[in-house]
Structures are given as C-alpha cells and as structure tokens.
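So that you can see what the record holds, here are the features copied from Swiss-Prot:
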type	residues	note
ACT_SITE	8	active site
ACT_SITE	67	active site
ACT_SITE	139	active site
BINDING	8, 139	Mg(2+) 1 binding site
BINDING	67	Mg(2+) 2 binding site
C-alpha cells in the first residue's frame, strides 16, 4: 500500500493530487492547487516549496512524481516553469521522498490512452478512474494524472521484473 503525491508544476498555479494504491486499486485521498501571489518570483517559489512541504506533512506520501518541463511558448516561461519544478522537487527531497518524472505525453497516455489527449479528456478519465463525484479542476486533474501514471509505470515494471525472473519449464520468461 503506497501513497503517491503527483504534482503539475506552474509558477502561478501548481496542482497536486494524492492517491493511495492498494493492489490494483487507486483510491483518491485529495487534490487541489497552490496559488502563488505577487510578482516576486523568489517569493512565489517559496510559496510552492512551503505548499508542497505542507501537503507532504499532511498526507505522508511514500513516493513523489512530477511532470517534466515541456517546450514552452517562450524561454522566460520555460525558465519559470523549471524553477517551479525545482521548488517542488526540493520539498520532496527534503522529505526524503523518491522523485519520478514523466512527460506530458506519458501521463496522457497512461490516463487516457493517447498522448495527444485534451485537458477535458484527462479530467473526465481521472473522474472515472478515481470514482470522483465531479471532474477536478484542470491543474488538480493533471496532478492526479501524474500520480496515476506513476502508479501504472510502477505496476508495469513490477510485472516485467516478475516475469523476467520467473523460470517455467527450463526457460526464462
């Protein structure tokens, strides 16, 4: 039984989602957004660090997963996004959590089945997968998608490693 914290980083809005995994079942624990205020980037980064640190204290996750930086519309946006990711990753590292990173395409593929899914499709599938009464807001849904992607990736690796070491009729499978 593992608790996974997924994060969708942003310099203005950072989404988070927490799921608990029991066998093949994924249970929703919580989600939301850290909304930063002000124009001072160092202050916004501190707000992200403090927010993620508080979520870690509240939910006590075993694992941390975050979306990788994608190619932004301009260099300044990409740099700010990278710094927001860094603040979240440092919060996880301070809490001694293992950090996993996934591309947007990997996340959408794990949740929807196609790497080119739209935000609305991700929201809908997260609602269905986690049996939520309503679709979560976009940033929180993306963060829950990161957590679900991490869970599925781990399940696949466990299955593959199990098969690779299982000997049947004198052959390895």
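Glycine is no exception: its Cβ is also placed from the backbone N, Cα and C atoms.
All features noted in Swiss-Prot, drawn onto the structure.
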residue	record	CB count, 10 Å
8	active site	25
67	active site	25
139	active site	24
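Cα of residue 8 (active site) to Cα of residue 67 (active site): a span of 6 Å.
Residue 67 (active site) sits 11 Å from residue 139 (active site), taking the Cα positions as reference. DSSP assigns residue 139 (active site) to a helix.
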